[in-house]
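Novice: Once you've had a glance at the structure underneath, I'll fire off some questions.
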Amino acid sequence: MATGAGWAPGRPVERHGAPRGGNARSKSVVPGPRRPSPSPARSRPAADHSGSADLCRVRVAVRLRPKNSEDLAHGADFDSCVELQPESKRLKLKKNNWSCESYKFDEVFSESASQKRVYEAVAKPVVESVLEGYNGTVMAYGQTGTGKTYTVGRLGKDDPSERGIMVRALEHILSSLSFETDCVAISYLQLYLESVHDLLAPEKTNIPIVED
């Protein structure tokens, strides 16, 4: 079981032992650069932009996925290949008994980090910026089983505390709107093997990919 949520590839800050190798799985959440939208944002209370330069850059976080029900049912025994240091926002990748590499991230979430904690640190600043009229992007990536769907797409039907970033972002946006003056449009697409699928209108097939 491996890593988690952030905003782009990390960078090695320290090296110990042999050159980089191994196969640690990772998953990230990525708020991308934002620019003002063409239409003016509606009137909102003035926000504190003292850290705007930090918000506009690509940020990176990593998350260790909690064990899921399947892991627990099979009594899977995991040999951790990473050591998380949330306080210093570092991750150590263990290559063998005597060699490791250390990476620095904007956020590091351990297995015990709640969905709410991840949302507030990773996606909430992006959503708030969008509500002020800027573009925003949140992206998750990683190998199969690293927790992308858990972090981003979990619906939380049985346990609301398990809601992922997508559901929490929609709740945040809708709770901040004036239904008399605002309108929200949503697209839900899947790109797989160069084929685009409209998940809200599955009858549509062979949707063309248009490049600028």
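Glycine is no exception: its Cβ is also placed from the backbone N, Cα and C atoms.
These came from TrEMBL, pasted as-is:
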type	residues	note
BINDING	Gly142, Gln143, Thr144, Gly145, Thr146, Gly147, Lys148, Thr149	ATP binding site
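How about a rundown of where these features are and what they're close to?
Specialist: Taking a C-beta cut-off of under 8 angstroms and a sequence separation of 6 or more, Thr144 (ATP binding site) has no same-chain neighbours. The DSSP secondary structure for Thr144 (ATP binding site) is coil.
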Novice: Which residue, out of the binding-site residues Gly142, Gly145, Gly147, shows the minimum number of other Cβ atoms inside 10 Å of its Cβ in this structure?
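Specialist: Ranked by other Cβ atoms within 10 Å, the binding-site residues Gly142, Gly145, Gly147 bottom out at Gly145.
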Novice: Out of Gln143, Thr146, which of these binding-site residues shows the lowest number of other CB atoms within 10 Å of its CB?
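Specialist: Comparing Cβ neighbours within 10 Å for the binding-site residues Gln143, Thr146, Gln143 has the fewest.
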Novice: Using DSSP and collapsing to three states, where does Thr149 (ATP binding site) fall: helix, strand or coil?
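Specialist: The residue in question, Thr149 (ATP binding site), is helix (DSSP, three-state).
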